[in-house]
Amino acid sequence: MSDKSELKAELERKKQRLAQIREEKKRKEEERKKKETDQKKEAAVSVQEESDLEKKRREAEALLQSMGLTTDSPIVFSEHWVPPPMSPSSKSVSTPSEAGSQDSGDGAVGSRTLHWDTDPSALQLHSDSDLGRGPIKLGMAKITQVDFPPREIVTYTKETQTPVTAQPKEDEEEEDDVAAPKPPVEPEEEKILKKDEENDSKAPPHELTEEEKQQILHSEEFLSFFDHSTRIVERALSEQINIFFDYSGRDLEDKEGEIQAGAKLSLNRQFFDERWSKHRVVSCLDWSSQYPELLVASYNNNEEAPHEPDGVALVWNMKYKKTTPEYVFHCQSAVMSATFAKFHPNLVVGGTYSGQIVLWDNRSNKRTPVQRTPLSAAAHTHPVYCVNVVGTQNAHNLISISTDGKICSWSLDMLSHPQDSMELVHKQSKAVAVTSMSFPVGDVNNFVVGSEEGSVYTACRHGSKAGISEMFEGHQGPITGIHCHAAVGAVDFSHLFVTSSFDWTVKLWSTKNNKPLYSFEDNSDYVYDVIGSPTHPALFACVDGMGRLDLWNLNNDTEVPTASISVEGNPALNRVRWTHSGREIAVGDSEGQIVIYDVGEQIAVPRNDEWARFGRTLAEINASRADAEEEAATRIPA
């Protein structure tokens, strides 16, 4: 408080000093203006002054007029006041007629005579009384004064019309001081102003106390500013641009062999954070539909850091070459699934091991959830392995499903209780322990799920047949991943889906047949996830426990993958996700690392005839399966 009062007193002293300077400035300005007006008056008087002879001439004329004499007499007033020619003996000029008229006007007064001195510089007027005659009686004469007004000169100047706003006088005076040309400042005043400025600049800044520093560091404004600024600085520092790149093609010629060798799959980025990713397993991946460069990854607990939060969700940015996550979210239970809220670009949804569903908002400065579902029997009580937002911009819901067989529908605005819930049960048996779920493109009612028992089920949310519809058997182990056909083209393949399992296989299915269409058996470990390309009808990807990523193009080959690559260190790959463009693919491993690969154009970009070719491939697969079933049927009787 003492610092504030001292600062306030210092400001008051400066204000008083400024007021004194302004008053002194105003007084000196008034003195200067007064001096200028006096000088102008003196100049006008000096201009009007005339020579002594001219003054005497005017006095003489006035005196003559007062005596009744007119200037029409033969006296000529020249430049040097030379009298008219006279005889050498004469010393005076008389006007008898005028004298007579004067006598007639006044009998007591004698005639008057005007006498001139021979010296033209001195004009002397002698009356008759000086010559021994009677005194002269003076009378009043009328003077007519005529004023001629000066000629009016009209001038025009161009101006810019601007709206006039009423402001306080103090503001106007300050603006005038700034805008109007300043009069020359006296050296003393200038020195005082400079001295004050130097004192202000040299004054040491106020040193904050530890309490004030902590208060600033923990303020919401500082945290928001620091978070935003560090994110921008990291992006700038992480950019790596090759300034020596040769556009003439020499660089490409040197690397032609490397480009052709790695054209199918090439490493793009790696995401790993020492604090939040280390010793954690990547449990789920999802790309943002609003911002295609953002990837959310969920992680389970870190057993070596018991004091850290069990569940973590990190948002990574593909656009900038920064090595730290864009956002860090966490909660008190391991996050088993995560997704971007499709129609809410700021929201991230997570499903936890405890059965809670949590909601994070990147507009909030908090890393903890802004909403969460209750831990009650009305919601989930088992781990939530699947969360998905389905619907349209104006009508959408969050769908969650857990290993207790319960599927819930939620509104993102209110997670206090589900809008709808249903238990998935097949033929009055126990509930299905769901491990994976997928919706066909454009469908919000029908979906497929994989279970811990190795069976696949089709189900629907609404209608008379709500619940489990059909069961598909073929896997010999728990289902780890399931995905419906997502590529939209000339032919509709939405009835197809692929599954992965602990039985080391990937299988292709159709909802029209409860037996697998084809089984891909090229892996030698658990296959943890599988997903179809969003743009290519015959392309899908899968990952296994040996750290291998396989890309299968069924139009090229159904026996071996079209492209394969192993992650360095061969960690188990838990999750795989295509970008929305289908040009990159992300994989997450058991050590908390996420690797992004670029997919070659010859694989990722479909040609116009890919849908027709895939139709023929399916026909061949169905024919081969029919032949195999017929051959198996003939073997049984034998």
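Each residue, glycine too, has its Cβ placed from N, Cα and C.
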Between S90, S94, S201, the phosphoserine label in Swiss-Prot belongs to S90
Record (Swiss-Prot) lists phosphoserine for one of S51, S89, S364, namely S51
Per Swiss-Prot, the phosphoserine among S104, S416, S421, S510 is S104
In the same chain, residues at least 6 away from the ends of the repeat 'WD 4' (429-469) whose Cβ sits under 8 Å of its Cβ atoms read 385-386, 388, 390-391, 397, 399, 401-407, 409, 420, 422-423, 475-486, 488, 494-495, 497, 499, 501, 503, 509, 511
Counting only residues at least 6 beyond its ends, the same-chain positions whose CB falls under 8 A of a CB in the repeat 'WD 6' (568-607) are 263-273, 277-287, 289, 292, 295, 297, 299, 316, 318, 487, 489, 525-526, 528-531, 533-539, 541-549, 551, 553, 562
Residue counts for the compositional bias 'Basic and acidic residues' (1-13) under DSSP, helix then strand then coil, are 12 helix, 0 strand, 1 coil
